[in-house]
Structures are given as structure tokens and as C-alpha cells.
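Annotated active site, proton acceptor per Swiss-Prot: His16, in sequence order, evidence recorded as similarity to another entry. Annotation source Swiss-Prot lists anthocyanidin binding site at His16. Per Swiss-Prot, UDP-alpha-D-glucose binding site is recorded for Gln334, His349, Trp352, Ser354, Glu357, Asp373, Gln374, and the stated evidence type is similarity to another entry.
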Amino acid sequence: MAPPHFLLVTFPAQGHVNPSLRFARRLIKRTGARVTFVTCVSVFHNSMIANHNKVENLSFLTFSDGFDDGGISTYEDRQKRSVNLKVNGDKALSDFIEATKNGDSPVTCLIYTILLNWAPKVARRFQLPSALLWIQPALVFNIYYTHFMGNKSVFELPNLSSLEIRDLPSFLTPSNTNKGAYDAFQEMMEFLIKETKPKILINTFDSLEPEALTAFPNIDMVAVGPLLPTEIFSGSTNKSVKDQSSSYTLWLDSKTESSVIYVSFGTMVELSKKQIEELARALIEGKRPFLWVITDKSNRETKTEGEEETEIEKIAGFRHELEEVGMIVSWCSQIEVLSHRAVGCFVTHCGWSSTLESLVLGVPVVAFPMWSDQPTNAKLLEESWKTGVRVRENKDGLVERGEIRRCLEAVMEEKSVELRENAKKWKRLAMEAGREGGSSDKNMEAFVEDICGESLIQNLCEAEEVKVK
């Protein structure tokens, strides 16, 4: 009996590609399924995919978004890419489904990530089941779903105070200027609202968001996370790091336990020159050792209005002072750093992957959200999971150095015992969910069984056991 064949299409951005690939690998390992991973040529040109080409039952299909070498920087570029994604992506999926339907391994189900609203329509055209792989928390999905159902009232959950405007995904706030993102979420949610019991695969775990995962009885929400590298759950640290790793790991080795502040805002978020200076001054004045990752964002899609300097150029005037207290690197293995005994605090933009990593590795945070789902993630970290302290902006939207120092001292001193105890609790629960045979593996098996039938999944699991023996 042929294994089920999943067509998994993902938006061409690192924050979408990484969890999607991890989901694909876990799906294959746990159920013996075949996965064809579909994305843009640019993903391969920009080296977003590594160490996946030799995975059995995992193959790749690419199409062009018109920007094969990247370089998207203007609104017009993004509009053009959106059109190309829809036209070329639709054709690539349709041609593949058509070409395989009478062969040994026809497509069983189509899985897609956010911002690809045309993908489930292809599945519907070919009468295939589809599922959305939601790479943000379940609560954020619920906020969007509730909003576009026409209920604009405040969304509430037990143990979480009412959401203020500052807690909402930025695309739903009155100050949102990204109409394209708002329209994309609206189209996606309106499609799902019309579906009968749509399946949403969510990068979370059962014990982290139990209320949010069961908020809508008409939606089949399946927790399949945390979608993080398997090394975390097996207990082995990934040592395949880049050139700078020896310098920062040796530096961390020289520090005492829980004494270092790790600062990283990911690859997409860029701080203004004023904000960079306030953060730098807070770190200098605090006199605690820190490791600050400042990446090259010269090819970023979103730039700070009126500023052409890179972040590394913005700190030039006080870099010497910074390096007297801490260390600045252009890249590090975040998982390796967060796993290090010396790290006691993570200053993060609260992207969902970074948020999950902080929970899984048990590191308290200073939540410094910027846009998209990050404000909601920060709310959850501070109030629901109680593993961090969130910064507050002034009336001009700037987080001042005094506020940053307040939060750092709270995490490193005043609330350190409470926050670390909570972080340990979530680390244990996350490990239980993410380990082989944990709740997320079981949820994944149930999803495949639901799609393909109970007898097929039993046969596949038995075949996998024989193969292992």
C-alpha cells in the first residue's frame, strides 16, 4: 500500500520555511508519509534550505516568484511577487497534482502556510483535502478568526486580562499601514469561515494553549509543535555552527551561570537609530555581560523610514563602550546560545520561533515586540506563561533606556526566581510534547489517520517498525 503523499507549500521566508521543513520531517518520520515540499526558487538561492536533501520520502518542487535572487525592497516589488506567487504557484501545484494523479503516489492532501490564499483553492479544484499550517500561536489565529467573523469585540481567555490595542497583531490595529497584509489575512479567514470543520495544524503544544486550541468547536485545531530542531528534544546540541561560533562560545564559557543577557531581534526586525542608542545605553549602564546579535539587514524588505544606515553602522559611535561590557556578533546559533548555562535573560522581539525557543530551553525574557503577532506573543509571555517582562513604549513609540534597564533588572534580579521557576515548568512541558512519541507526534498521527483512514496509518506504522528493526 502506497504511503500518503502530502503536498506542502510554504511562503518564501525563513520564518515560514524552517517550521514547515521541520513539520515535513516529523510527518515523514512518524507516519512514513511522502512529502513534496513546494516553495520558490529564491529559497534555494538564499540557502534557506540545508541538510534536507537526503531525507528519505522528502522531495522538492520549485517555482519562480520573479525574484529568484531575492532583492525585494519596495512596495512595487512585493506587489509583483504576490502576483507571481499566485499565478506561478497555482500552475506548479496544478501541474504536479495532474501529473501524479494516475501514478503510484498521487497527492493525498495539500498543506499550506499563511499568505498563500490561492493554495487551498487549488486543492478544492482537484477535490483534495487541505490543511493550514499556522506558524503562529493558536491565540493569534483565534484573534484573526474572531475579527473577520465580524466580532470586533475584545477576545478574552482565562488567566489572561482583556487584550488592549497594544496586545493585538499589528495588522489589526488602527495604526496599521500594511493594507496588503490585512487583506491577505481577511481573505484567508473568510475562506476558512466558509469551510466545514477546517483543519488547522498549529505550531504550539497542547499544554501551552489548551483554551485557545478548543475555542472554536467548528474548527479542527491540531497542535503539532514545538516545530524546532530535533536535537533539542533528543538532548544533543547541534554543533554545526558558523565561523564566529568559537569566539562567542568561548566567551560564554568564561561567564558565570545565568549572568549573560542575550539580545537578538531576528533577521526581519530593524531598530531605529534612536532605539538602537537607547538599548545600547541601557546595556552599557547596566554593566552586565551581554551577547548582542546585529545581523546584516541591508537586503531587508522593511526599512526604518528615513534611515539608510544598517544597524551595525548605527552603533559605530559607541561600539567601543559596548564591547567593554559585552560582545557583538553578526551571527550565532541561537539554540546553542540559549542552551548555554551562562545565559540568564533573552531580550527578544517575540517572533514565534524565538518565543518557542525561549520556552523550550527555559530562558526568561525581556519581551520587546515590534509588529505582526509579536505583541500578542509578548502578552502571553508576561501574563499567561509568566516567563518574562514586557517593555513599555513612551508616547512617541520609543522604549527608553530607563525602561529597558527596569525590565533587565526585573528578569536578572527582582523577579528572577519566579520567572526561572516558570521557565523550568514550561521547558519540561515543551520537552514532553515535542519528544518522539509525545503529544504532538500523537496529534500528527491522528491528523494523518483522519485524512487517510485508520487502516492505512496502522500499516504504515508497522512498516516503519520493521524498517527500524
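Placed from the backbone N, Cα and C atoms, the Cβ positions cover glycine too.
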Rounded distance in angstrom between the Cα atoms of His349 (UDP-alpha-D-glucose binding site) and the residue listed as 'active site, proton acceptor': 17
Three-state secondary structure, Gln334 (UDP-alpha-D-glucose binding site) (per DSSP): helix
Distance, the residue listed as 'active site, proton acceptor' to Glu357 (UDP-alpha-D-glucose binding site) (CA atoms, angstrom): 15
Asp373 (UDP-alpha-D-glucose binding site) - helix vs strand vs coil (DSSP): coil
Entry from the binding-site residues list Gln334, Ser354, Gln374 having the most other CB atoms no farther than 10 A: Gln374
The residue listed as 'active site, proton acceptor' and Ser354 (UDP-alpha-D-glucose binding site), Cα-Cα, nearest whole angstrom: 13
Rounded Cα separation (Å) that holds between Gln334 (UDP-alpha-D-glucose binding site) and the residue listed as 'active site, proton acceptor': 17
